[in-house]
Amino acid sequence: MAEAQDLYTFDAPSTFINFTAFHEDHGADSWFDKVTNAENIPPDQRRLSEIPAVNAEQNGMVEPEETSPSKETVSESAAHFSDGKSQARRSSRRMSRKHRQKLLVKMRETRLEKETAQSDCPPTKKLKGSSTKGARTPVIRGQPRSGHGSNTSPRPKAPLTLPSTPTVLKRKNVMVKPKSSEEQELERMQELQKEMLENLKKNEHSMKAAISGTGPSVKKSAVPITKPVDFHFKTDDRPKRVADQPKGEEYKEVDFAAALRKHPPSPVSKAALTVPKPFNLSKGKRKHEEASEFVSTAEQVISFSKKTPARYHLRSRQRELEGPSPVKMVRPKLTNPKTPLLQTKQRLRPVMCKSAAELEAEELERIQQYKFKAQELDSRILEGAQVLPRKPPVKEPTKAIGFDLEIEKRIQQREKRDEGEEEAFTFHSRPCPSKLLTEVVGVPLKKLLPVTVPHSPSFALKNRVRLPAREEKEEEVPAIKATAMPHYGVPFRPKLVQQRQVEVCPFSFSDQDRERLLRKEKRMEELRKEEVHKFKAQPLPEFGHVSLPEKRVKMPTQQEPFVLEIDKRGAPRLQRWQQQVKEEQKQQKEMAVFKARPNTVVHQEPFLPKKESRCLTATEGFELATEKRAKERQEFEKSLAEMEAQKSLLEEETRQRQEEEEREEISHLRKELVHKAQPIRKYKAVDVKASDTPLTIPESPNFSDRFKC
C-alpha cells in the first residue's frame, strides 16, 4: 500500500467539505486563494524572476535534474494553472469590459510567443523520474519557470539566414562510406521520437487550454523565416555495397557530369538453394473490386439537388434587387471596309431571241416525235358477216345448295367407321416372297467412309500460302428403284401428312408490279379483240375537183421602235423640268413689271397694346429633398439603435446562459472528482457436480476390407 501511495500524487489538498454539517466553514476555499495570490505577481517582479532563468538557458548551465521536473512539481504546476485560470475567470467578471479585452489580448500574445519558441528550439527528451527522490530545486508558485515564457517576456528575435552553397555544387568526398540500413533505421526512429514529443507538448497545451476554459487561440498569420534545406535524394537512403579499396588510392578526381549517369552497383545476393513453389494456375491476376459504400436514396436525392447547376435554381430576390452588373467599357475598334455582295451581279437575262426558223425546227421535231398507233383490222368486217352487238350470255338460274356443316361431316365419318368395324376381317394366307430367303431385306447397306489422308504437321507453313484444292464432287446418278411390294398379311394404314414449314422465297415488289401490268395489258387486248367497232362509211371523194387546203400567208414582221425603261423614266422627268423652267420664266417677267400698290396703312387704326387677362401664379407649399432624407435618416438611425439594443440584450442573455452552464459544469466536475469506492460484489458459490456420462471406450479403426462380411 505504501508503494501505491507513492505512485499517485494529488494536486488539491486532501481536505474535504462536509456538506451535511450545519455550520459554515469560511476557510474552505483558502487553498484556491493562495494559488491566485501567488499567480497575481506585479510585472516588475515577474521580469526580475525571469532574467536569471533566461540567462541560465542561454549559457547552457542548466542541469538535467533542474530541466526535468518531477511528478510532484508537474502536478503542482498543472493544478496551479487550472485553479489560477478558474480564479482569474471569477475576477474577470468583476473587471470592466475594456480591461478584460486587454487581458485577453495579452494572453493571446503570450500563447503565440510560446508556440514560436517551441517551433524554433528542438524538443528535449524528458528524463523519467527515479524511485529514489533526489535533490530537487525549489519551485516558487509566483515565479515562472525558465522553460515557459511569461506574459511580459520580450519576443525572441529570429536568427538571421546565413548564405550557404547548395549541396549539389559542393564537391562530395567519394571515400565517405554510406550509412547502413541499421543506421538509417535508428535515425528514422529518433526523428519519430522527436515528433512524438512535440505532439505530446501540443496535446498538453490544448488540454490545459480546454480545462481553463479560454477560447481557441487565434493564430496571427506570421510570415515564417526562410530556412535553407539541403537536397535529399532517394538514392542516398539505399544501402550500398562499398568495396575495400587500397590505401594508396584514397582520393581520385571524379568528373561530376559523367558520374551523374552512372548507376551504383546493385547488391549481390548470396547463392542459395532454389525453393520449389507450386504453380497457382487457377488464380487470376485480376484485382478484386472493392464494393462501393451503400448510399441511401435520401442521400442520393440530396446530392442530386445540390449538384444541379445554378441556372436551374430559382433566382433569389436579393440578387435581382442588387441591380445589373457593371458593364465593362469596350474600346471601339477600327471598322474594316468590305465590298457589298450585290445580288444584281448574279442576274442573267437572255440577250438573244429565237428566230422563226428555230421555232419551226422545234415544232417539226415535236411532230416527228409523236407516233400514230393504228389498231388491228377485224377480220369479220371483211368477211361480210352481220355485225350486230353481242347479246349477253343467259345465266342459269341459281340452284340452292345445302350447308356443309362440320358437325354433319363428323357424324357421317362416325357412321362410316361403325360400318367398317362391322365387316369381319378374314385372313387369307399368301405365298412368302422368295427375296426374303435369298437376300437381307429391310437393313440398309453399310456406307464406306473415305480413307484418311495423312498430313505431316511440319508442312503447315506451306499450306498457309496455298489455297486448299477444291475436290470436285461427282454427280450421283439417281438410281431407278422399284417400289417394294407391301406385305399383304399386315393391314394397310395410311401415313399422316407431316406439317412442314413453308419455305420463304425471295421476292421484289417491282417484279410483281411488272407481272401485274403485263397481265393487265394482255387482258385489255383480249377485250379489245372481242369488241367489234361500229362501221361508219366515208363519202366517196370527188375525183373531178381537186380540193387543196388554203395556203396560209404569214404577215411580214413589222418593225417597231425599241421601248426602253430608261426612255420611260426620262420622259416624265424631262416634262417636269420643262414645266418648272416655264413657270420660273413667267415669274421673272411678272417681277420685272413694276406696279405700285395702294397706301392702305394710312387708313388703318393705330396699334394699341392690350393688357393680359391672365391671373397671377398661386404659390404652393413644397418639401425639400434634404428634409425628406433627414426624416428617413432619423427613422433609420432609430431602427439601428433598436436592433443594436436587441442584439446587446441577446448577447447578455447568451453570456448569462454560458456563465450558468460553466457554473453547473464546475459543480459537476467537483462532484465527479470526489472518489467513491464501490463495494466488492458477492457472487453465488459454484457447486461442482460429477458427470454421469461413462468414459469413452477406444476402438481401433478397421480401414481394410478383410473384416467386412
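For all residues, glycine too, the Cβ spot is worked out from N, Cα and C.
Per Swiss-Prot, the feature region 'Disordered' maps to 40-189 (among others).
The compositional bias 'Basic residues' annotation in Swiss-Prot covers 87-105.
The annotation compositional bias 'Basic and acidic residues' is assigned in Swiss-Prot to 106-117 (among others).
Taken from Swiss-Prot, the feature compositional bias 'Basic and acidic residues' covers 179-189 (among others).
Positions annotated as phosphoserine by Swiss-Prot, on the basis of similarity to another entry: Ser206. According to DSSP, Ser206 (phosphoserine) sits within a helical segment. Its Cβ taken as reference, Ser206 (phosphoserine) is surrounded by 12 other Cβ atoms within 10 Å in the chains shown.
Sequence annotations record features per position, and here Swiss-Prot assigns region 'Disordered' to 229-249 (among others).
Annotated region 'Disordered' per Swiss-Prot: 309-347 (among others), in sequence order.
Among the features that Swiss-Prot reports, compositional bias 'Polar residues' is placed at 336-345.
Per DSSP, the secondary structure of the region 'Disordered' (641-668) breaks down as 28 helix, 0 strand, 0 coil. Per Swiss-Prot, the feature region 'Disordered' maps to 641-668 (among others).
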Per-state residue totals over the compositional bias 'Polar residues' (336-345) - DSSP helix, strand, coil: 3 helix, 0 strand, 7 coil
